[in-house]
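Quick look at what TrEMBL lists:
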- 26-37: compositional bias 'Polar residues' (COMPBIAS)
- 48-59: compositional bias 'Basic and acidic residues' (COMPBIAS)
- 104-114: compositional bias 'Basic and acidic residues' (COMPBIAS)
- 118-128: compositional bias 'Acidic residues' (COMPBIAS)
- 19-64: region 'Disordered' (REGION)
- 95-128: region 'Disordered' (REGION)
Amino acid sequence: MVSPSALYTAPDVSEKRFTVDRSSEKYQTTNGRTTGPSAHVLGAGQIDVDRPSDPKLLSDGRTPTPLSILRMELTGLQDDINEFLTERMELAKNKKLKTQSQADEQRIDKEITKLLDGGDDDDDETKN
């Protein structure tokens, strides 16, 4: 059976290919790391009623069914993709904050320069 894969493309990034490594444990479970309720929600006493079922096994009791293997591999791929996209969102957020910070810094520098040059737009002369 061929394992699933995914390909991410974007104008600002070279292609990113996601593939399954069957020897890795994250591709041998239906319990993803990036899905389900957060640790905070679970810590507040919530019960994960949407928890995925365990993989179904063949009659030998040890070997997962082909569909269960696919589910496990897709769960691992989903985790990989979610982690990648979360990292990209963090980078974008940091770039935005940096850009905003630089813009604010430039604006403040202009205001200071204007004030130091006497261009504060206040009428300092008293009118008689």
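Each residue, glycine too, has its Cβ placed from N, Cα and C.
A TrEMBL annotation is a machine prediction, not a hand-curated record.
Across the compositional bias 'Basic and acidic residues' (48-59), DSSP assigns 0 helix, 1 strand, 11 coil.
The compositional bias 'Polar residues' (26-37): residue composition by secondary structure is 2 helix, 0 strand, 10 coil, according to DSSP.
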